[in-house]
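Pulled from TrEMBL:
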- 39-71: repeat 'ANK' (REPEAT)
- 78-111: repeat 'ANK' (REPEAT)
- 112-145: repeat 'ANK' (REPEAT)
- 146-172: repeat 'ANK' (REPEAT)
């Protein structure tokens, strides 16, 4: 199988959640688990963004670096980790748990200066997601470069349940 075709198929399979096809390709080209496409995105980030848990697992099994930061060349997509991508995308709790259980770090910043918890407070009013990130070491007091807190992001986005939960946990 030609390498360029394999790269395209890895990304397509990751996006579609075709774990069996991913395995076939990665058997021949295991390094593709950590490749980037022309847009600077990773297959793990793709699979995580689209909530494809089986594909995420296969990519990790074949050596995808859980905390690799993409080098996004797309203006509206920051360079980020698979955890950030999962939170900004489908927010599939199975994918997020898998990434965290495989060692994904919650404190890594995306190119916008956001931790995973900032992203979660911005994109979702899901208290379960916030709780899970905190259980895995997310800092509720983290602030972005401009000084905006996780709590401020939740308030700004109108995420009332997350706001109340963060206040209960002592966020300021």
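Glycine is treated like the rest: Cβ placed from N, Cα and C.
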Average model confidence [pLDDT] within the repeat 'ANK' (112-145): 97
Summary of DSSP states over the repeat 'ANK' (146-172), given as helix, strand and coil counts: 16 helix, 1 strand, 10 coil
Beyond the flanks of the repeat 'ANK' (39-71) by 6 or more, those residues with Cβ under 8 Å of it: 10-11, 13-19, 22-23, 26, 30, 32-33, 77, 79-83, 85-86, 88-92, 94-95, 98-99, 102-105, 108, 110
Remote residues contacting the repeat 'ANK' (146-172) - C-beta distance under 8 A, at least 6 residues beyond either end: 113, 115, 117-118, 120-127, 130-131, 134, 140
Secondary structure content, the repeat 'ANK' (78-111) (per DSSP, counts of residues): 16 helix, 0 strand, 18 coil
The repeat 'ANK' (112-145), counted residue by residue under DSSP: helix, strand, coil: 17 helix, 1 strand, 16 coil
